[in-house]
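J.: Dumping the structure here so I can ask a few things about it.
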Amino acid sequence: MITSTPPAPVGGRTRLRSRLPGPFDTVSLLIGVALIAIVMVPLLRVLVGMFWVDGGFTIRPIIRTLTLPGLGELLLNTLIVVLASSAVAWVIGIGLAWLNERTDARMGPLTDSLPLLPFLLPPVAGAVGWVMLLSPRAGLLNSWLRDALSVVGISVDSGPFNIHSWYGLILVYAFYAVPFVFMSASAGFRTLDSSLEEVSRLSGAATLRTLRKVTLPVVAPSLGAGALLAIWFGMGMFSLPAIVGTPAGIEVLSVRIVELLTFSYPPDTEVAVGLSGFVIAFVGLAYWLQLRILRRGRHAVFSGKGAAARRIELGAWKWPARALMLGYVLLSTVLPMLALVLVSLNGFWTPDISWGSLNLTALRQAVFDDPVTSQALANSLGLGVVGGLIGILAAAAVALYVARHRTALATSVDAGIKLPAAVSNMVIAVGILLLFGGAPFLLSGTLAILLIGYLALYLPQASIAADAAVSGVGTELPEASAVCGAGPLRTFRKVYLPLMTPGLVAGWALLFIRMVGDLTASAILAGTGNPVVGFRILEVFTGGSYALLASLATVLVLLTGLVLAAVLAYTRRATRTGVPTKVAGV
């Protein structure tokens, strides 16, 4: 008797084929492993460098670090700046997120994006802008305030504010940490079950009491994550303390590490590695505290969009709340950008702006007629374009692999490329210099080491953007492509890539902006042989050429703004036109 085996369901064949490691999946996995190595090996190099020097075990770097003159003051300064700015950013970020997500003060997409605008002003440009606003004598804003005070009979020779101070440094740090807190807190407020707040208000509790007793405890995990991100940002920041804090004599860990590696001859890598250990310890402690908060918040109650849509009516306080959100943007972004533009167009830094003589001549001469500056701009643009493209495409390949293979290996690869988000940028940059700067690679002073550094530092952003692009594709079209006989590579080219392109372009723009405006890695990895904008700004700041400084920062802001505008225009057009219906031959 002849028996026939019924054909396996099409879905079963598809699932079986998706589990087989084809060439596309193998290449994607190898890309993921390579990306992890770019981060993990330099990090291990830093850790090993604390105990292994000149081919033998030693604790000399630790001893030299612990006996470093002024170490206690250095650590105390770092903790004060990072913790105080994180606390300020925490309060501002939570307040803005609560107003935008839980009250009727929200103004649609406008207030959704306003608190994130400081991301568009690179920290190095923002620091320069704030110096030109609030320098005691020449600061533009200080001059305008003195003029206003003189009208009412109050005469002051300088100030009234001084950016080169504890409060000035903490304020600028906080402005750049607010977006991290805002994004994390917004996610918690957005999914909170509003019936909990309704019960509290029906019980007679006022709005502020409901916020303090109900809302904030429930979303504590999201708030804790925001605090951790703010601390992580502060520990790895170099441009803000170097430009704002150094003139005030406020030195922090990141500045000392760069000085030891860049401005010392020969570079003192032992103490730099030892100080990097403190950064790792501080970030690790913050991460441990966040885990404690997450464990306590496991019973938080969330609900769907319907409950979350019920907003608190502020009544007469609605428009003051909106003014508060707009005022934050004015202080954090608009004013420093205005200072940069005015000084660059004026040709020199003075509080007495000659409005009728503003022109582009000084900007052109300061930037494009200087060969070193022109080379720095060209290098930064090239690294931003190429680095952003490599980063987002590599992250997209890994995101596709993770989406197709829900295995422990795929999860580990995904977590590995997001690891830099939990490690200070300063530590990774130090590790890359130690690993690739000397033998056998000998990449010190080259553009290649900067490219490696940028990719390692901004992998988490690339991965998150790629994950969002992949998740937007769904499963129906890829499954239809597989049913029609298309392999993984053809499915990627015909299905995933067209649908993911808007998201990948947005991710590329994010990487481009971060790479072009970077100063943390640039201060350690760049030099006179491979100048980039961030390193050139640091050189000019040290030399005291403020007009060139403002011009460089202005060009940096213009570049990021143009790229962002182009990307927004493209994504808007792509969203309107949609996607072709013929996919993978279907």
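Every residue, even glycine, has its Cβ placed from backbone N, Cα and C.
Heads up, here are the entries from TrEMBL:
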DOMAIN    75-290  domain 'ABC transmembrane type-1'
DOMAIN    377-567  domain 'ABC transmembrane type-1'
TRANSMEM  27-53  transmembrane segment
TRANSMEM  74-99  transmembrane segment
TRANSMEM  119-136  transmembrane segment
TRANSMEM  173-193  transmembrane segment
TRANSMEM  214-235  transmembrane segment
TRANSMEM  271-289  transmembrane segment
TRANSMEM  326-349  transmembrane segment
TRANSMEM  381-403  transmembrane segment
TRANSMEM  415-435  transmembrane segment
TRANSMEM  441-459  transmembrane segment
TRANSMEM  503-526  transmembrane segment
TRANSMEM  546-570  transmembrane segment
J.: At least three Cβ pairs under 8 Å linking the transmembrane segment (441-459) and the transmembrane segment (271-289), pairs spaced 6 or more in sequence?
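T.: The transmembrane segment (271-289) and the transmembrane segment (441-459): touching, no.
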J.: Can you see whether the transmembrane segment (214-235) and the transmembrane segment (74-99) are touching - at least 3 CB pairs under 8 angstroms, only pairs 6 or more apart in sequence?
T.: yes
J.: Of the listed stretches (27-53, 74-99, 271-289, 326-349), which one yields the highest count of Cβ-Cβ distances below 8 Å with the transmembrane segment (119-136)?
T.: 326-349
J.: So, do the transmembrane segment (271-289) and the transmembrane segment (74-99) meet, by the test of 3 or more Cβ pairs under 8 Å (sequence gap 6 or more)?
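T.: Result for the transmembrane segment (271-289) with the transmembrane segment (74-99) is yes.
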J.: Below 8 angstroms Cβ to Cβ, which residues of this chain, lying six or more residues outside the transmembrane segment (74-99), approach it?
T.: 68, 105-106, 111, 115, 166, 169-171, 173-175, 177-182, 184-186, 189, 211, 215-216, 223, 226-227, 230-231, 234-235, 241, 245, 250-254, 256, 275, 278, 282, 321, 324-325, 328
